[in-house]
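Undergrad: Structure in structure tokens, see below.
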Amino acid sequence: MSHPALTQLRALRYFKEIPALDTQLLDWLLLEDSMTKRFEQQGKTVSVTMIREGFVEQNEIPEELPLLPKESRYWLREILLCADGEPWLAGRTVVPVSTLSGPELALQKLGKTPLGRYLFTSSTLTRDFIEIGRDAGLWGRRSRLRLSGKPLLLTELFLPASPLY
């Protein structure tokens, strides 16, 4: 099962450097904290609509593969993050199987819990980078994060209803 927003997310083209953009736009795109928390600060109830979740092989993650360790399998989670039931963000998380050990095994069991609720409670969370992307008038970003030094890649597309616009 797929969703048009996730097709567009995968079409994002990334800037080599942070572009000169409006301060408010950069504030959203370069946010280091939880996007879930930012949405809740808008006075909204945040929920997850699950699109796809499960193990995939390298051929299903061509955009992410150069940014992650080469492994036989990866945990893929594709969601819509909704505010008061309206989709504000499409998210795609790719986790190498080697990351899924110890406490990080919980990444497979998030269900309808927003990823940010898990990530930003961890004292071991670090971020290697944020890249800004754009496709057909929509903005997105991707970040390689680490939990206990173990990598995962998070890509987010801000949908038209998002307060980013």
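Backbone N, Cα and C define each Cβ position, glycine as well.
Owing to the predicted nature of the structure, the values given are computational and were not obtained by experimental measurement.
Annotation source Swiss-Prot lists substrate binding site at MET35, ARG77, LEU115, GLU156.
Quick one: where do these features end up spatially?
TA: A helical conformation is recorded for LEU115 (substrate binding site) in the three-state DSSP classification. Take the CB of LEU115 (substrate binding site) and look out to 10 A: across all protein chains shown you find 22 other CB atoms.
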Undergrad: How many Å separate the two farthest-apart Cα atoms among the substrate-binding residues MET35, ARG77, LEU115, GLU156?
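TA: Greatest Cα-Cα span of the listed binding residues: 16 Å.
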Undergrad: Need the DSSP three-state call for GLU156 (substrate binding site) to compare against my parser.
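TA: DSSP call for GLU156 (substrate binding site): strand.
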Undergrad: Ten-angstrom check, please: count other Cβ atoms within 10 Å of the Cβ of GLU156 (substrate binding site), all chains counted.
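TA: A count of 25.
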